[in-house]
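Database features, via Swiss-Prot:
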type     : residues : note
DISULFID : 28-49    : disulfide bond
DISULFID : 34-54    : disulfide bond
DISULFID : 38-56    : disulfide bond
DISULFID : 44-59    : disulfide bond
MOD_RES  : 59       : cysteine amide
SIGNAL   : 1-23     : signal peptide
SITE     : 48       : site 'Basic residue of the functional dyad'
SITE     : 57       : site 'Aromatic residue of the functional dyad'
């Protein structure tokens, strides 16, 4: 019973994880390093360096 529940929980978690294929990881040490790459991806410079990875916000 417990093994079935754990297996079901693992399978459900795996299916709910976001698909990150094709997403480009941009490494950074400061937010200024994110402006150019994010402008190429989204068309806007709205970005932030968090945990040494750029987070692009896009326009709006």
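Note: Cβ is positioned from N, Cα and C throughout, glycine not excepted.
There are 14 other Cβ atoms within 10 Å of the Cβ belonging to residue 44 (disulfide bond). Around residue 38 (disulfide bond), the same-chain residues at least 6 positions away in sequence with a Cβ under 8 Å from its Cβ are 26, 44, 45, 46, 47, 54, 56, 57. Nearest neighbour of residue 48 (site 'Basic residue of the functional dyad') by Cα distance, taken over the disulfide-bonded residues 28, 34, 59: 34.
Across the disulfide-bonded residues listed here (28, 34, 56), the residue whose Cβ sits among the most other Cβ atoms within 10 Å is 34. Look at residue 38 (disulfide bond): DSSP puts it in a helix. Ranking the disulfide-bonded residues 49, 54, 59 by other CB atoms within 10 A of the CB puts 59 at the bottom.
Cβ neighbour count for residue 48 (site 'Basic residue of the functional dyad'): 14 (other Cβ atoms within 10 Å of its Cβ, all protein chains included). Using Cα positions, the member of the disulfide-bonded residues 28, 34, 49 nearest to residue 59 (disulfide bond) is identified as 34. A separation of roughly 7 Å, to the nearest angstrom, links the Cα atoms of residue 49 (disulfide bond) and residue 34 (disulfide bond). Residue 28 (disulfide bond) and residue 34 (disulfide bond) are 7 Å apart (CA-CA, integer value).
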